[in-house]
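Features as listed in Swiss-Prot:
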DOMAIN    1-76  domain 'Ubiquitin-like'
CROSSLNK  Lys48  ubiquitin cross-link
SITE      Arg54  site 'Interacts with activating enzyme'
SITE      His68  site 'Essential for function'
SITE      Arg72  site 'Interacts with activating enzyme'
ZN_FING   121-144  zinc finger
Amino acid sequence: MQIFVKTLTGKTITLEVEPSDTIENVKAKIQDKEGIPPDQQRLIFAGKQLEDGRTLSDYNIQKESTLHLVLRLRGGAKKRKKKNYSTPKKIKHKRKKVKLAVLKYYKVDENGKIHRLRRECPGENCGAGVFMAAHEDRHYCGKCNLTFVFSKPEEK
């Protein structure tokens with residue numbers, strides 16, 4: 001029986017085959033006519049790629065059917081290298097949770113009276129509970145940048 005093979009260039013080749021012929025035999029006949037090696041050939045019929053071990057009758061290829069020949073693509077995506085870091089990644093700082101941390105701001109004396117150890121910021125932007133940092137020579141509010149500097153008597 002006669003089948004047609006349409007190449008990528010649009011040229012149609014006529015082949016004389018039998019329904020019992022394998023796809024490998026068809027590819028060998030295409031190599032004889034066109035010079036394309038069988039390992040680079042891909043034959044498509046009815047939207048399916050034809051496998052080498054099967055016969056034309058397995059795919060229901062009848063007389064005057066048209067197969068489409070496309071070339072196999074070599075290679076693929078370029079292999080990417082895994083990044084190697086010379087220095088280890090910096091560990092993100094985790095804030096330490098201290099239970100009952102508010103107790104360090106207050107002190108209870110022997111009479112049961114509560115005294116503040118830190119000064120609250122009197123600024124309008126800062127509400128109640130915003131304490132000023134106690135430095136050696138000043139109190140400083142980190143929220144509104146208010147600073148109270150202590151004046152020490154000069155030693156003579």
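Any Cβ shown, glycine's included, is placed from N, Cα and C.
Feature annotations (Swiss-Prot) mapped to structure.
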residue : record                                  : DSSP (3 states)
Lys48   : ubiquitin cross-link                    : strand
Arg54   : site 'Interacts with activating enzyme' : coil
His68   : site 'Essential for function'           : strand
Which one of these recorded positions has the most other Cβ atoms within 10 Å of its own Cβ: Lys48, Arg54, His68, Arg72?
His68
Cα-nearest neighbour of Lys48 (ubiquitin cross-link) within the listed recorded sites, Arg54, His68, Arg72:
His68
Segment-level pLDDT (mean, integer) for the domain 'Ubiquitin-like' (1-76):
84
